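Residues annotated as active site, nucleophile in Swiss-Prot: E230. Marked as active site, proton donor by Swiss-Prot: E235. The N-linked glycosylation site annotation in Swiss-Prot covers N75, N335, N360 and is backed by sequence analysis. Under the heading signal peptide, Swiss-Prot lists 1-18.
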Amino acid sequence: MFSKFALTGSLLAGAVNAQGVGTQQTETHPQMTWQSCTSPSSCTTNQGEVVIDSNWRWVHDKDGYVNCYTGNTWNTTLCPDDKTCAANCVLDGADYSSTYGITTSGNALSLQFVTQSSGKNIGSRTYLMESSTKYHLFDLIGNEFAFDVDLSKLPCGLNGALYFVTMDADGGMAKYSTNTAGAEYGTGYCDSQCPRDLKFINGQGNVEGWTPSTNDANAGVGGLGSCCSEMDVWEANSMDMAYTPHPCETAAQHSCNADECGGTYSSSRYAGDCDPDGCDWNPFRMGNKDFYGSGDTVDTSQKFTVVTQFHGSGSSLTEISQYYIQGGTKIQQPNSTWPTLTGYNSITDDFCKAQKVEFNDTDVFSEKGGLAQMGAGMADGMVLVMSLWDDHYANMLWLDSTYPVDADASSPGKQRGTCATTSGVPADVESSDASATVIYSNIKFGPIGATY
């Protein structure tokens with residue numbers, strides 16, 4: 001994605017990430033089943049569960065109820081610096097349905113955009129668990145990942161994102177001794193934007209250098225970022241979609257400092273060791289303007305299946321392809337219609353290089369190692385993220401409109417969808433589309449050809 005940020009959104013007062021655990025709210029993970037397959041007729045059901053990211057949770061002093069963070073400002077008494085903040089603050093359990101609009105039923109996970117309880121929650125980010133204390137790690141190379149999605153209620157400006165990142169399975173507990181909450185409480189997030197809006201990173205606060213956001217009442221940017229490789233299997237609303245690999249020179253989770261992080265949060269986008277843009281496949285951007293949308297070939301007014309295949313073996317990733325199933329019909333990805341890209345309908349290193357030239361984009365993907373480096377990250381196992389968010393940085397225009405907004409829409413690659421360049425303003429969508437919901441279901445995983 002072009003301008004991804006960590007999904008803090010407009011959170012409940014005091015919601016923040018911390019590394020110790022409080023006792024005010026019991027933590028009970030919603031249960032969710034998924035399947036491992038050896039062939040389309042031979043799948044085993046796994047009993048899984050999901051956890052919400054710690055950045056959404058209520059964080060308070062370890063001995064009481066005093067918020068460590070309110071609105072987009074730290075409590076300077078409890079959090080005068082990074083280390084003291086981690087020592088003083090704990091995060092608490094989550095009421096998934098009432099507070100965050102997160103529910104499960106069998107193999108389905110439903111995420112509601114705006115949930116009103118004692119406070120107002122916007123969006124969510126969840127992880128699939130292997131156990132109550134460990135994230136499940138997926139070995140993607142040589143395998144395929146399939147899921148059903150209903151995003152008929154997601155308009156311009158929203159993003160139902162399902163993706164993988166190279167987080168630590170334990171949420172960073174083994175690496176960082178001050179992190180005693182771990183995966184059970186959703187700690188350890190990282191991605192290719194090296195997000196700096198995380199309140200705690202590597203077991204310490206992100207207090208020092210914190211600047212409150214000017215357009216998000218509950219977010220800000222700190223002096224630390226958390227980086228790792230990212231594979232966006234699915235970023236979409238009912239108007240447009242994209243899938244995008246983002247390699248990092250160091251694939252595993254690691255921290256960075258201030259503007260050296262690069263990405264969305266920094267003054268120099270390409271200053272870090274990760275590729276914030278990635279190599280994206282968006283059918284509309286590739287010239288197929290009637291392929292995806294309400295009433296189109298892939299009809300987003302109805303549920304459909306997404307199957308993503310990761311070609312290669314070991315740590316060698318050679319190609320990423322994607323097809324769809326709807327109404328019992330298999331729908332192949334169409335080839336691009338741009339003159340220099342007509343031979344492509346999947347992501348390869350050759351495609352990525354040609355696309356960057358055709359679209360006049362900076363080729364950071366190749367600079368950071370391309371599919372070879374993406375494969376290096378995948379080989380260590382990746383955590384599944386399922387989320388719903390809006391974009392306080394670019395209004396999601398990089399996904400569903402003309403971007404940059406002052407670009408000639410007829411120029412190759414600049415028009416990514418039909419949404420207006422004035423659409424996607426968070427204050428607008430949080431009001432007009434509060435009831436928006438995305439449902440992910442029927443996850444299947446196995447060797448290429450094994451799920452369908």
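Counting starts with 1 at the first residue shown.
Cβ atoms here come from the backbone N, Cα and C positions, even for glycine.
Quantities reported herein were computed from a predicted structural model and do not represent experimental measurements.
Everything Swiss-Prot records as a feature, shown here on the structure.
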residue: N75; record: N-linked glycosylation site; contacts (Cβ under 8 Å, 6+ apart): V66, N67, C68, Y69
residue: E230; record: active site, nucleophile; contacts (Cβ under 8 Å, 6+ apart): Y163, F164, V165, T166, D191, S192, P245, H246, C248, C274, G278
residue: N335; record: N-linked glycosylation site; contacts (Cβ under 8 Å, 6+ apart): L341, T342, G343, Y344, N345
residue: N360; record: N-linked glycosylation site; contacts (Cβ under 8 Å, 6+ apart): S411, P412, G413
Item to check | Cβ neighbour count (within 10 Å, all chains shown) around E235 (active site, proton donor) | outcome: 26
Checklist entry - Under a three-state reduction of DSSP output, how is N360 (N-linked glycosylation site) classified: helix, strand, or coil? => result coil
Next on the checklist: Under a three-state reading of DSSP, tell me whether E230 (active site, nucleophile) is helix, strand or coil.
Outcome noted: strand
